[in-house]
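Q: The repeat 'WD' annotation in TrEMBL covers 73-112, 113-154. Among the features that TrEMBL reports, compositional bias 'Polar residues' is placed at 304-319. For 304-427, the entry in TrEMBL reads region 'Disordered'. The compositional bias 'Basic residues' annotation in TrEMBL covers 325-335, 412-427. Per TrEMBL, compositional bias 'Basic and acidic residues' is recorded for 351-360, 376-394, 402-411.
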Amino acid sequence: MEIVVGTYDDVVLGYRVVNVAEDVQIEASFTDNCHSGCVKCIAASEKGILATGSTDETIRLLNLRKMRELGSLVHHNGSVTSLQFHRGFLFSTSDDGTLCLWRAFTWECMRTFKGHKSEVNCVSVHPSGKLALTVGKDKTLHTWNLITGRSAYISNIRKSAELVCWSPNGDYYVIVINNEIDVYSVETAEVCSTIKASSRVNCLEFIKDDVLCYGGEGGDLCFHDISTNMPLHTCETKTTRIKGLCVWKHTENEKNETQIAVASSDGMIKLYRADVHEKITTNLLTEKSTGFRITCMAMFSSTPHSQEQSSNFYDSISDTNKEKTSKKKKRKAKKANTSGVVEDNVTEVTDIVKSDKHENTGMSEESPKKAKRKAGKSEGKESSQKKVKLESKPENSSPKVVSKESLVKVTDKKKKKKANKKAKIAS
C-alpha cells in the first residue's frame, strides 16, 4: 500500500506501508519536486496512475508501479482544485469555473463542462459513472449528465460549499459548508439530515453506505450514521488540523479489515485500524513525520481491483464533440464558399428550398456574383445583346403583315387629336 501526500512547499511525498516483524511501519519511497506552486489536490487510480493538481495551473502525472513520470496536462486557466479517477478516466476542476474529463493513458481532454460563474471547489462522480456533482463559490450545485455531456440540473445552495461526495451505493450525497454537512437523499432530492461539527470540516469519506467519517480543524476523527443522524465514535488524533483522509478496505488472508490514513498540517501521517462491524473502534497502528506542511493525501493499493476498467464508457461524449466540430467546420465552409456551389453534405431540405426559389423568381442556377459580372459589362455589349433579343423571333411564329390603309387611319386619328387640343387652347 502506498500513501502519497502533497505539501505547501511544492513537493509530493510517497510512503510505503510495510509489515516488519508483525509491526506496521511507514517508509519513504519517493520525493518529487514536479510543481512550481502549492499542491492543492491529489488522486490515485486503481492502475497506479497518480495525478497531482497545483496552483501552477497544471496536472502532473506519475506511474506509481514503474515510478516513471508521464508528463503534465495543461488545459485549465486557474489553480486545479480537485481530482478524481473513475473507470479509467480523470475528472478535474479549477478556479477557471470548468470541469474537465480526461481519458487515461491517452490523456485526451474529451470534454470541458462550463456552467459555474466562479471557482469550482470539488467534483464527485456517481458510482454508476452516469452523473457528476460539482460545487463552487457561486453558491450552486451542478448536476452533469456524463452520457450526453450536458448540464442536467442546477440548484442553489445557501452558502458556498467546499466539498461534495457520493455514498458508495449512490443513494445519498453530502455537501460540506464550513462546519455543517448536509446529507441529501436521491429519492427525495432534499436534505434528510444535517451534521454540525465542532469546527470546520476539511475532508470526509464513506466507510459504509450509511456511515460517514470526517475530520477538520479540531484534529478529531468523527464517525456518524447518516441514516439515523447519530454520532457513532470520535477518535482523538492529537493533531492540529486534519487535511487528508483515506479509507482502505482489503480482504487479504481472509481479514476483513478497514484501515484509515490521516494526514495533518503539522506533517504527521497516522494509520488506524477501524472495526466497523458492530461498534466502531479505532486503534493506532503507526505514524510518520514528514517534516512538511501537508495539504492533501491519496492512497494506492498494489493489488489489482476486481472492477473492470471500461475504456469506452464516455465515448458518446467524444462522439458528440466530433459532431459539433464537424458542424462548425461545415458552417465555416459555407461562409468561405464564394462560388455558391452547393456542397454534397448539405441536407435535402435546403436543396428543395433553393430549387423552389429558382422556379419562382426565374433565376438561373448560376451564382449571383457571376450574374453581377455579366451585368457589369460594357453598354455596347448590353445594347447588342438587347438588339439580338428583340430581333430574335420564335421558330414557329409567322410574321404579321401591316396594310397601307391601317397606317393611314392611324395618322388621321393623330391629326384629329392635335386639332382638338389647339381648339381647346384657343377657346
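Just so it is clear, glycine is given a Cβ too, placed from its N, Cα and C backbone atoms.
These figures come from a predicted structure and were not determined experimentally.
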Q: Do you know the DSSP helix, strand and coil residue counts for the repeat 'WD' (73-112)?
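A: Residue counts in helix, strand and coil order: 0 helix, 25 strand, 15 coil.
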Q: For the repeat 'WD' (113-154), DSSP counts of helix, strand and coil?
A: 0 helix, 25 strand, 17 coil
Q: Looking only at the repeat 'WD' (113-154), report the model's average pLDDT.
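A: Computed over the repeat 'WD' (113-154), the mean pLDDT is 95 on the 0 to 100 scale.
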